[in-house]
Structures are given as structure tokens and as C-alpha cells.
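Undergrad: Below is the structure I would like to discuss, written out as C-alpha cells.
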Amino acid sequence: MFDLKATIGRLAQGQTLGRQDAWMLFEQMAFGHASHAQLGALLMALRVRGETVEEIVGAALAMRARMVPVKAPADAVDIVGTGGDNAGTYNISTCAAFIVAGAGVPVAKHGNRALSSKSGAADVLSALGVNLDQTPADIERCIAEAGIGFMFAPTHHPALKQLMPVRVDLATRTIFNLLGPLLNPAGVRHHLIGVYSRAWVEPLAHALGDLGSERALVVHGSDGLDEITTVGPTFVSMLARGRVRSFEITPEMVGLVRANPAELKGADGKWNAVALRRVLEGQPGAYRDIALFNAAGGLIAAGVVENWPDAMALARASVDGGAALATLNRLVEASQPEGHVQPY
């Protein structure tokens, strides 16, 4: 029988857990067998000592076994960040997701409301008019009709609901920042994942491989962003054909001018929604450049192109031809309940 108190003691002493022990620990958490005090102690013990790949893989397997699944095409991609970079940018990966979907790649996006920032994916999508109260069948219809669907994390991970107050009270990064991108309810095997620390770029790529992903880019900007950045170099680890290779990319490599960090700042969900829509409408500037760069990464992760110039060209065509904006409008419409009349 799994001993939760003994495991807390082991973690408090700085010991690491194997994959099986991590799986059992997070299964206990998922079944609600840990008090809020125990949850806080576990999360902070892992945070202070530093999580391991084995712990993350074990935890992900436990959480995946309890999630509410969604069916998506085999070539679907997710574009998501861990959060926790404290950069306060606008919703870059959400904007990039519409560009990728506009380029013809199905997107099954998984996300949440803001925990450590002003605007999470759910906040900006809600402000754009997307209905978040959807069943798995509703989301599957959105992917079929609009080319993109959004899975609101609390709906698909009921086991995590009791953790939400603890995470909010802690108000700091925990293992769940790293786990979130690995818990896509559609089981996507293609990913662009931004992480809050360079130290996690390569380990998370290996974790994805251990979890069965086929192709992924894990990225961290040299300016601290959990995105592909236009401020400077981006550190990348790419999973493909069962192997991980690491490299750097820069804005200049794809014909972009470096941005000032202040040019990428955002605000709350409503403000960011306006900014995102303007990018999809074709407005030039730093917001557009970084969205295109991340969309290019998403297209490479999806496997539709192999090099960055071709990926950038495809991303630009998605925006400039109107497909990305049309994708947003279709998602807003497709996500509404039957009988709803969308205002214009």
C-alpha cells in the first residue's frame, strides 16, 4: 500500500522518486487522498529540490489515466507554454495556434485561465467570443468545422480541481506548469511547447519521447520567454524519429528584426483579445512577428515543413491570405450552443 506521509518525508529529505512511485503519488493526489496541507508540502518539496524527468513522466501517466478524452486527427498539434515566465506578454501561442490552423494543420489546443499571469489562453479566447463550456463532442466538432478546438483544462482534468486553490495560494511555479503541456486530452503527438527555464528544454523533449510523442519542439527564449522569442536567440530541443537534437534559432535566421521586450507586453484577456485579432487581420509589428515565428515552429512540429524559411512563408500566407482570421471566426461560431445567434 502506498504511504503518502512517508513519501512526503522522502521528498522533504531531498530524495527523488522513480517513475512508478511518482505515478502512485499523483494517483493518490488525483483520487483526493491528500489534504491541502499535504498537497502544498508535496508541490513545494518538488519545486525546491527540482523535479526529475522520471517524476514528470510518472505524474503525467497518472494524470492522463484520469482525464476526459477528446478525439482529434492523428496529425493534430498543440501549441502551448508552461507559463511562469513572469514576462507579461500578450497571448503569443494562442495567436500562433490560429495561424497554424489557418495553414491547414488541425490544432487541439489545451489550456487554462491565468494562474501566474494576467491572461491565460482561456481568458483571451473567452474575450474573443469562444464558448469554453463544451463537451468532448462539441470540441471534436470545432476541430472538424473550424480546424481548431480548445480544451479547457479544468473540464478535462476533474482530478485537478482540488489542486486549484492550492496552486493559487502558492502563487509560484510548480510541477503542474511542466505537466500541463503533457496532459493534452486529445492525446496529440505533435507539440510546440515553451518552457519557463532553459534547464527544462532538453529534459522535457526526452519526457515527451518517453510518453509516446512523435514530433515536438521544446523552446525557451534567451530573454526568459516560454515562447520562441524575437528579442534574441531561442534554445530549442527537437524530438523527431525517436531522437532529440538541440540547437538555437534567431530572428535574423527567418528575416525578422529583433524586438524590444516592451513591444511584446500585453494586459488582461480583453486587451490581449484585441491585439490578437489585429495580428490576424494583418497589422504589422512586433506582435505579428513573434506570432509568425511561433507559428513556424508549430508547423515544423506538425511535420508539414522541415525548414524555417518554408515554415515562415506558410505562416505569413495564413495571415495575409485571411485564413487565420477566418479560422478564429469559425471557431467562435462553431463553439456556440445550438440555437445561439452570434452578434455582429
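Placed from the backbone N, Cα and C atoms, the Cβ positions cover glycine too.
The following feature annotations were taken from Swiss-Prot:
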| type | residues | note |
| --- | --- | --- |
| BINDING | Gly81, 84-85, Thr89, 91-94, 109-117, Ala121 | 5-phospho-alpha-D-ribose 1-diphosphate binding site |
| BINDING | Gly81, Asn112 | anthranilate 1 binding site |
| BINDING | Ser93, Glu227 | Mg(2+) 1 binding site |
| BINDING | Arg167 | anthranilate 2 binding site |
| BINDING | Asp226, Glu227 | Mg(2+) 2 binding site |
Undergrad: So of all those binding-site residues, Asn112, Arg167, Asp226, Glu227, which one's Cα sits nearest to Ser93 (5-phospho-alpha-D-ribose 1-diphosphate binding site)?
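TA: Checking each of Asn112, Arg167, Asp226, Glu227 against Ser93 (5-phospho-alpha-D-ribose 1-diphosphate binding site), the shortest Cα distance is to Glu227.
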Undergrad: Count, for each of the binding-site residues Thr89, Asn112, the other C-beta atoms lying within 10 angstroms of its own C-beta, and report the residue with the smallest count.
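TA: Result for the binding-site residues Thr89, Asn112: minimum number of other Cβ atoms within 10 Å at Asn112.
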Undergrad: Taking only C-alpha atoms and a 10 A limit, tell me which of Gly81, His110, Arg113, Arg167 are near Asp226 (Mg(2+) 2 binding site). These are the binding-site residues.
TA: Gly81
Undergrad: Return the member of Gly81, Asn112, Arg113 nearest to Glu227 (Mg(2+) 1 binding site) in space, with distance defined Cα to Cα and candidates limited to these binding-site residues.
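TA: Checked the binding-site residues Gly81, Asn112, Arg113; minimum Cα distance to Glu227 (Mg(2+) 1 binding site) goes to Gly81.
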